[in-house]
Every structure is written in structure tokens, then in C-alpha cells.
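**Q** Pasting in a structure now, in C-alpha cells, and then I'll have a few things to ask.
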Amino acid sequence: MAVTMYYEDDVEVSALAGKQIAVIGYGSQGHAHAQNLRDSGHNVIIGVRHGKSFDKAKEDGFETFEVGEAVAKADVIMVLAPDELQQSIYEEDIKPNLKAGSALGFAHGFNIHFGYIKVPEDVDVFMVAPKAPGHLVRRTYTEGFGTPALFVSHQNASGHAREIAMDWAKGIGCARVGIIETTFKEETEEDLFGEQAVLCGGLTALVEAGFETLTEAGYAGELAYFEVLHEMKLIVDLMYEGGFTKMRQSISNTAEFGDYVTGPRIITDAVKKNMKLVLADIQSGKFAQDFVDDFKAGRPKLTAYREAAKNLEIEKIGAELRKAMPFTQSGDDDAFKIYQ
């Protein structure tokens, strides 16, 4: 299905002009949205609970308030707290202070789509979801371009929710390179599937299985690390720049031949069948409920998963090897640590 890409010239109405904007949260996405909007000439305040993020927002020159106070002052509110915290923040701080006729935005559809947050009918609901982490949203903006984004007009009480979403995307720099209109359902389900089946869950499981196959056959762990993890970036960068075509043009004929004949032996019809089961769990809300239940119970499952992952042999070997490869550290992780 073809989609339309919109750009700055397509944003005909300055829907944010003269509006008081409140960004809720000052983490990875929060600092980027707030700073980019301010640099685009908009009036931005920060709503965040007292702590490091509160202090950092003030240090960066923003008027900073507790969440409820910021919401009460604002015409347009963007919720950029972590998914698992949004429901309680909404119920305790946002909902009691939300004015009729205001607009409430999100950068991911999790809580709206799965029904954990229900917004009054007299409030606009929109989404702008940059397809990049916050430090890249900020950095690319300062460099004069931006990152692509998805946008949604979900609840159009004022008749201007779509214009607000598009103007927000323009204000943070995303409309410079292109924005695509979608729905909360599509963004949420596709995003979760991509993370789980390919980008995070699928990829780490594939790398770990490859590492174990080599080491169990007697090959050195250090060499296995280079073959299945370290060189991953080289291949992904080529695909990022020019798709499968550029990657295959850049590798040896031996590697390309092996790609064609062996890839389907690894990613079989059975794997695709499992992917469909993963998608079904996402669509039904099962994954969302499992995630929320674990959070409310104090994260026992997530904590156990993290501990097990930390003790993987590939992680221990990789940590030692990277000490001798400072070039693997881009510096972007420092920005992430600051704005968590």
C-alpha cells in the first residue's frame, strides 16, 4: 500500500503559533522535542517530577514545573515519559489538570491503542513518532535536516488535531525529511513487532545462536564474536545506506552466494510462522498486558531477563574486546545517559 510523504511546505497552518506547549518528561525524546520546538520559535515549558531530569531541564534554560502544574498552564501537551509510567502519570497528574479544548500528544501509541489511557472526548489526541532515538532527533535538527516521523490525528475534538500534529513534526525538524500519516493501531503494532521479531529480539537471538554454534564446535569465542556481532554493524550500515542491493554490491561474491543459498535455511517457513504468532500476541494485547503486569509486580521477569543476558559469554568476551577498540564508542551513549 502506497503512502504519502509530507514535507515542510505541506504544513500550511501554524497550529502551534501562540500556544503554550508542555513537554512531559525530559528523557531521550523529551529533551529533543523541547529543544527543537524552542529553537523553532515555540513557547515550551517542561513538566517532570523532581529529580535529575527536572534539574537538567532547568539547566537547559526551560521553565520547569511539576507535571500537573505544567499541564494546567498548557494548550498542547506531549507525553514523553516511558510507556510503563504513562498511565499513572496521566491518572494522577495530567487528567485532573487537562482543559477542554487542549491537545494531548504521544510519540508512541502503546497506552492509547491498548486502552490504558482514555482521554475525554473534548480533548484532541495526536501522535508524532520520530523514527530515531532522541539524541539523533536533536543532533540532526541542529545540523539542518532531521529524521523521518509518523504522525496521527486520533481524536479531533477541535477540528485541528491533524494540523497540530503536522506542525509539531515540522517544529522538531521531521518534516524537513518527510513525515507519514498513520494510525495509533498501525504505529503501535508495527513498532512492537519490529522490535521483538527483528530489531531487538530476533537479532540478538540470531547473534547468540550463531556465537554458540561456533564456540560449541570448538572455535575461539573472540573470533566468533567478531564474525557474528562485531561485523554486524558493517553490514547493517550498508543496508541502511542503500538497502540489500548496496550491501550485496559491497560484499564478496562468496558472501553474496552464501547469502542467497543459506539465508532461507536459517529463516525458514517455521520462523515466519512464529513471527505471525508474535504479531498475533501483539495485536490481541497479550504482550502489552504481560508487560504491564510485570511492571506492576515490580518487574521480576524483566529483572531476571536482564540478569541472564548480562551473564552471556558473548557479552563477557565483547566487553573485553571493546576495551581495545575505542572507535566502537561513538559518544552518543553519553547523551543517552544524560537524558534517561
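Using the three backbone atoms N, Cα and C, a Cβ is placed for every residue, glycine included.
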**Q** Could you look at Gly115, Gly134, Gly144 and say which one Swiss-Prot places alongside Tyr26, Gly27, Ser28, Gln29, Arg49, Ser53, Asp83, Glu84, Leu85, Gln86 in the NADP(+) site?
**A** Gly134
**Q** Cα of Arg49 (NADP(+) binding site) to Cα of Glu231 (Mg(2+) 2 binding site): how many Å, rounded?
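**A** Rounded to the nearest whole number, the Cα-Cα distance is 41 Å.
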**Q** Find, for the listed binding-site residues Ser28, Asp83, Asp191, Glu227, Glu231, the residue with the lowest Cβ contact count at a 10 Å cut-off, counting only other Cβ atoms.
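**A** Each of the binding-site residues Ser28, Asp83, Asp191, Glu227, Glu231 was scored by Cβ atoms within 10 Å; lowest is Glu231.
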**Q** Quick one: give me the count of other CB atoms within 10 A of the CB of Arg49 (NADP(+) binding site).
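**A** So the number of other Cβ atoms within 10 Å of Arg49 (NADP(+) binding site) is 14.
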**Q** Tally of helix, strand and coil residues over the domain 'KARI C-terminal knotted' (183-328) according to DSSP?
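**A** Across the domain 'KARI C-terminal knotted' (183-328), DSSP assigns the residues as follows: 126 helix, 0 strand, 20 coil.
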**Q** Using the alpha carbons only, what distance in Å do you get between Gly134 (NADP(+) binding site) and Glu227 (Mg(2+) 2 binding site) once rounded?
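**A** The separation of the Cα atoms works out to 30 Å.
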